[in-house]
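J.: What follows is a structure written as structure tokens; I'll ask about it next.
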Amino acid sequence: RSLMNLQELVSALNDFASLSLAESWDNVGLLVEPSPPHAVNTLFLTNDLTEEVMEEAVQKKADLILSYHPPIFTPLKRVTWKTWKERLVVRALEHRIGIYSPHTAYDAIPHGINNWLTKGLGACTSIPLHPSTAPSSPAEGSHRVEFCTNNEHLDTVMSKIKDIQEISCVTTLPARVEGEEQTRVSLNCSQKALLEVVALLSQNSLLYHKTEILLLQKPLLPHTGMGRLCTLSEPVSLSDIIEHIKSHLKLTNIRLAVGMGKTLESPVEKAALCAGSGSSVLKGVEADLYLTGEMSHHDVLDAVANGISVILCEHSNTERGFLSELRDMLAIHLQNKINILVSEKDRDPLQV
């Protein structure tokens, strides 16, 4: 197999799943980079990068670890041998191993973890619970402001506009308003800048009354976003769904809360799911069943009271099985240029 330059590989990984789809609170992308040039012959996949998994990666001569969960999430103030996450960075750099994390970008993509998790329900169609928006459309700004001004005031107004931060896409066009030659000004701006623009225009009542403010909404990306709402091809009993899920996730046990007024024989037609920790994503969704790794006690109580059954499989058990599918997809995406291995030591820390 041929080698790939680290930056070439990272670019290809970003093409596979755009990091712009990750949640704003997340920490994704290349987290640890050995000094360049760095060639990658072996890409090592894991759900969680523990010290045991790191030693496995070292033994298997990995050049880049793709860890679904980012091992560096909260900022490190030092890199010593004192804590296990610091030791991960030390070991990675000592052995010239890069670390890359996609996390919630893989949750959102149509060919990602949540799509894989739907297969545990059997034949169904699914849509995202929280659709992603196109990251680069419109280009900038949350609002568009349009107003007309007399040509004699144009230079004064435009000079003051230029002093306001977070304004973009400023255009001017000739306009005829009530028989008078004027100029129509259009600009994009942020929420913060909007307040300053409105304050400026309100100083002149003629300008202010000729102002239009539009909210710019980015288009939704099809089949992309957080969580999934699944409609089963035909109703299936809760007990059968449980067996499907256990088989798909290769589990002998799951945790179950049966919805109020429901039994194991109650039909499931709609199921809402979210890999990992699903409380915030699933909250308030109307369905017969919630499927996720973990939820808070009180969110489970809320669901049950609303007649919704809950299946919990432990956090990473709803994610890890995707790695085998990911290995095959990345082999195609990377044109079989490098070795791709899946960790054998990676496992959920909780056992039932």
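Yeah, the Cβs are placed from backbone N, Cα and C, and that goes for glycine too.
TrEMBL entries are annotated by machine, without manual review.
Remember, it's a predicted structure, so these values are computed and weren't measured experimentally.
So TrEMBL lists the following for this protein:
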type	residues	note
BINDING	H69, D107, H315, E319	divalent metal cation binding site
J.: Here are some binding-site residues: H69, H315. Which one has the most Cβ atoms within 10 Å of its Cβ?
T.: H315
J.: So which one is it: of the binding-site residues D107, E319, which has the fewest other Cβ atoms within 10 Å?
T.: E319
J.: May I have the list of same-chain residues other than H69, D107, H315, E319 whose Cβ is within 8 Å of the Cβ centroid of the recorded divalent metal cation site, in sequence order?
T.: N47, Y68, H103, I113, A275, G276, S277, G293, S316, T318
